[in-house]
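A.B. asks: Mind looking over this structure? Questions follow.
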């Protein structure tokens, strides 16, 4: 009898350690978690119109380093992951911390910071008139924060081959690369990230020849050589505040702001993905940018997750 009991206990523990993400994970233990998070995100958006792209970017950066484990939120000194060069400009920490604090008052020690980041990103997308989708939850939080682990983040100056490799390493396809890059449909970038593309493009210097000649003067006027590198411009020219497929149309037309986005159209495989959303038959074939983007977000949210008995539930997101 003792042996059977031990086997049952062992089997139960194995089941816990191999738990999977699922929609409605907190349905019984913390049924109000999604409404609490959406309320905090809505409140933040009322005072900061840029919060949607900020929270979306936070989720992306969290998932690409050690998986979607909330480790980017930890503040443990100058070597904390959040201070990595590849994370520069990432924000929204205070929104996640506020949501976590409100959740803790009703569901103490139950909801992970990693799940709150994923929920907040979905809510932010919806606020920008993007697609709504069900967020799988059940992530647990990581306990390692080291800026050196963020050295391989995708970068705006990466070649298309480098971008493909970095996404493939995370289990993401070339289609996912296009769709998640299309998150640039909302938000801004700094002239700091445009300097090389405008004035010292490899290998011959000058400007990136893929930039539409009608667009180049506009970019240079916003980001003059030796000008203020902190000046910001919309990444999606003409539609920087609304979630839509205009970013892909801009990429097709040479109006991509970021070099990494422009590179998507210089590769045969990713170019086909971009073009697939503008074909005459695409609506009939069921090619929906919004639906595909939502699916890519769900897929990204599964990267390297800790579930079951793995990781922990941090009571304060910024600390262990």
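Each residue, glycine too, has its Cβ placed from N, Cα and C.
Dumping what TrEMBL says about this protein:
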| type | residues | note |
| --- | --- | --- |
| ACT_SITE | 61 | active site, proton acceptor |
| BINDING | 154 | substrate binding site |
| BINDING | 185, 236, 244 | Ca(2+) 2 binding site |
| DISULFID | 30-107 | disulfide bond |
| DISULFID | 63-68 | disulfide bond |
| DISULFID | 113-317 | disulfide bond |
| DISULFID | 191-223 | disulfide bond |
| SITE | 57 | site 'Transition state stabilizer' |
A.B. asks: Compare the C-alpha of residue 223 (disulfide bond) with the C-alpha of each of the recorded positions 61, 154, 185, 244, and give the closest one.
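C.D. replies: Comparing Cα positions, the closest of these recorded positions turns out to be 185.
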A.B. asks: Name them in sequence order: residues not among 185, 236, 244 whose Cβ is within 8 Å of the mean position of the Cβ atoms defining the Ca(2+) 2 site.
C.D. replies: 182, 184, 186, 239, 240, 242, 243, 245, 246, 247
A.B. asks: Compare the C-alpha of residue 317 (disulfide bond) with the C-alpha of each of the recorded positions 30, 61, 68, 191, and give the closest one.
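C.D. replies: Its closest listed neighbour, by Cα, is 68.
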A.B. asks: Highest Cβ count within 10 Å among the disulfide-bonded residues 63, 68, 107, 113, 317: which residue is it?
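C.D. replies: Checking each of 63, 68, 107, 113, 317, the winner is 113.
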A.B. asks: Just name the most isolated of the disulfide-bonded residues 30, 223, going by other Cβ atoms within 10 Å of its Cβ.
C.D. replies: 30
A.B. asks: Residue 61 (active site, proton acceptor): which of the recorded positions 30, 107, 113, 244 is the nearest Cα neighbour?
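C.D. replies: Answer for the nearest of the recorded positions: 113.
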A.B. asks: Under 8 Å Cβ to Cβ from residue 244 (Ca(2+) 2 binding site), same chain, six or more residues apart: give me those in sequence order, or none if nothing qualifies.
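C.D. replies: Those within reach of residue 244 (Ca(2+) 2 binding site), by Cβ under 8 Å and sequence separation of 6 or more, are 129, 185.
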A.B. asks: Count the other Cβ atoms sitting within 10 Å of the Cβ of residue 57 (site 'Transition state stabilizer'), across every protein chain shown.
C.D. replies: 21
A.B. asks: Given residue 107 (disulfide bond) and residue 113 (disulfide bond), what distance in Å do their CA atoms have, once rounded to a whole number?
C.D. replies: 13
A.B. asks: Express the distance between the Cα positions of residue 191 (disulfide bond) and residue 113 (disulfide bond) as a whole number of Å.
C.D. replies: 32
